[in-house]
Structure formats: structure tokens, C-alpha cells
Amino acid sequence: MSIIVQKYGGTSVGSVERMRHVADLIIAERNAGHQVVVVASAMAGATNQLVKSAQQFNNAVGTPAYDFVVSTGENVSCGMLALALAEKDVHAMPMAGWQVPIRTNELHSKARIIDIDPTYLHQVLQNGIVPIITGFQGMGSDQRLTTLGRGGSDTSAVAIAAALRAIRCDIYTDIDGMYTADPRVVAKAQFISEVPYTVAYHMAELGAKVIHPRAVECCMQANIPLRILSSFGSDKFTTLINQPAEPRISGIAHTHNNVLYKVQTHDPETGGDILDRLNGLDIPFDMMLRNDTSLQFCGESADDEVIKDVLASYKLVVSREVCAKISAVGAVSTQYFEQILQQFKAQNIHVVCCWSDDVRVSVLVSMDQMEQAVNILHAIFFNF
């Protein structure tokens, strides 16, 4: 019997009634003749509250104890989903990541999946039981619980689908797929029914929140069919496909609360050493410019404290500015730069920094101009 992995996000399991609805979706897939494995996020808002509580302690982030705290929301949602299915006479088993087991490295709060042994899951499925697995969790070689970072439940689901050789992985969220921009920000955003893996990866990496980039990366490696769909009744969905991207701009992505760092390094070796340390800590950075006496890069606000600690150890002059990053994703032409900057200037959008490479054009703007800038950029490429 074929296996389908379903992942449900925090809004999909945000209340008892929504969990009952999710139970119906699981049952419908079973009735269609499939074995179903479920991966669940914490209920909407639960992880934020746990993070807020844990961060009241100094130097908490990145420790085993921190991961132990922030991972508990998934335990609750999986247990409650099992209760919702039991209410409908379906035998389900809530499982923590370590019970699967999902093995990771020991980089707490940003762990990477190394291996998943599907043997036990196959046994559970053969007994007619629905496994309901905590997303976002794993276990290091030291037997300690690890977490995969925010959005890690998507990665959990795709990695489990790959290990089980599932015929498909379905990511259920509060949006019915991918659009040319976030429809909550751009009213004229256009629905996209099929997206090449590479486009989905870059869109996700640059801010599209419907799926995590590591999950798309895993999809590409395992060639797993994946759908992004709404758990709230829409018939539409986006399918990720293994096809080359068309030579055009495919979508507009944005992130808020980025930080632009400008560092007076005085010599080229110091700049390289700083970047090596950030890489060693698995701290992502972007839009990097470097010369003999200075270094500039854009980081995520979630990593700001760690980045500030690294920079402080060099006792250098550092300036930092909180910005929003807006990106046009796809095949890039040099003419786009001029067109974007002209439109932004005409609309009094102040560009803090701009950047382009083979797959995108990105601009940094002030937070209060983010939505206006996203709409302008979308209009340039999609409002014909």
C-alpha cells in the first residue's frame, strides 16, 4: 500500500475544532487507499510563547535545555491530534522525533537531519496505526533532543517521506499554495499551480513562508512529489515539479527584521576571519561586500545577538541597521536594476542597499516602507 506524508502547520492545528477537521482530512486519505503518516507543528503561537519564556535566561539559545523547552509544543499538538482521531475510531500513535528515530547533528536550535530509520514506522503502519510525529525535533548522537530551527517541521515531513519512499508529501498550511507574492501583502498576487524545485527553493530562501528552503532542498535530492495546500477547504494547491525554471522573474519574496552590518576591518584577513566564524556557527548571511578595510553583510535579526557577540570580540567599529529585504526571484537582467531603482525613487522609497546575482535582485528598505516596496516590485513584473 502506498504511503503519503501529511504535514500540518500551526494554524491548521490551532484549535480543537481545527484538529477535528484535520482528522477528517487524514481519514479521507486513508479511505482513498493510502497509508498516512502525519507530521504536526505546535499549535499556532505556542512555540513563540515557549521561546519567549526560555529567552528570559541568559545564553539560553542553542543549548540542549533550550531545545527541550521549545520543542514541547509539538508534543501537545500530536497528542491532541491522536485524541481527535480516536474520537473518530481511528487508532493513532503520537511519536516524538527521537522515537522514530530522526537522527541529527548536535547543533542545538539549528540541527540538521543526518538519518531516519524507517523500520519502526513501517511496523506501526502495518498494524493499521497512523503515526503522528512531532515536527521540528530530532536526536543527536549524544541521545539529547535537538530542534531543527523555525520552520523545521516542513523539513521533518519531507525527510520522513524520503525515508519511507512515500509517493507524495503534502504540506498543509493556511494558504492554498504559492503565489507571485504574499497575497496578504499584495492584493493582486497571482496563484502558481506548478513551481520548479529551484524556483521554490530560492523563493523560500528569500522569504516566501509557505515552505522552508531545507524542505525544498530535501525534495530535490530525493525527487519527492510535494504539494502545498490549504487545510481550510480550498480546492487549489501548488505542486513542486522537477523541471527547469523558465528564464523570467517567477515571484517576489520578502523578509522583515533583517540587519545590515557595516564593519571597519582595517585589513582583509579580519573580514575573512569574521565570515569563517559565522559559517562555523551556521549563521546565514547575505549581500556580502568586502574589501581590504571594510565588510558589509545582511543577517537575520534572530541571529543578531550571536552576530553582535562575534563582532564585539574584534573590538571594531560596527554600524547596524534593521531593514526589510525584498527580492525579485528568477532569471535576472541588468536592466532590472535600473527599472527597480527608478520606480522606487519615483515613489520615495529609500534603498538602503541593493544586490543581484544569477537568481535574484534584492533591495533593503526601511521596515515602514516594506509593504509599499513589495507592491511596487510586484507591479513591475506582474501587473501588465
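Every residue gets a Cβ built from N, Cα and C, even glycine.
As given in TrEMBL:
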| type | residues | note |
| --- | --- | --- |
| DOMAIN | 3-230 | domain 'Aspartate/glutamate/uridylate kinase' |
| BINDING | Lys7, Tyr8, Gly9, Gly10, Thr173, Asp174, Tyr179, Arg184, Lys209, Val210 | ATP binding site |
| BINDING | Thr47, Glu74 | substrate binding site |
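Overlay of TrEMBL annotations on the structure.
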{"residue": "Lys7", "record": "ATP binding site", "Cβ within 10 Å": "29"}
{"residue": "Gly9", "record": "ATP binding site", "Cβ within 10 Å": "25"}
{"residue": "Thr47", "record": "substrate binding site", "Cβ within 10 Å": "21"}
{"residue": "Glu74", "record": "substrate binding site", "Cβ within 10 Å": "31"}
{"residue": "Thr173", "record": "ATP binding site", "Cβ within 10 Å": "22"}
{"residue": "Tyr179", "record": "ATP binding site", "Cβ within 10 Å": "24"}
{"residue": "Lys209", "record": "ATP binding site", "Cβ within 10 Å": "16"}
Message: For Tyr179 (ATP binding site), which of the three DSSP-derived states applies: helix, strand, or coil?
response: strand
Task: For the domain 'Aspartate/glutamate/uridylate kinase' (3-230), provide the mean pLDDT of the predicted model.
output: 95
Rounded Cα separation (Å) that holds between Gly9 (ATP binding site) and Thr47 (substrate binding site): 12
Message: What whole-number Å value do you get for the CA-CA distance of Glu74 (substrate binding site) and Tyr179 (ATP binding site)?
response: 28
Cα separation, Thr173 (ATP binding site) to Thr47 (substrate binding site) (Å, whole number): 16
Task: Reduce the DSSP letter at Thr173 (ATP binding site) to three states and note it down.
output: strand
- prompt: Using the residues the record lists for ATP (Lys7, Tyr8, Gly9, Gly10, Thr173, Asp174, Tyr179, Arg184, Lys209, Val210), what whole-number Å value is the largest Cα to Cα distance?
  reply: 22
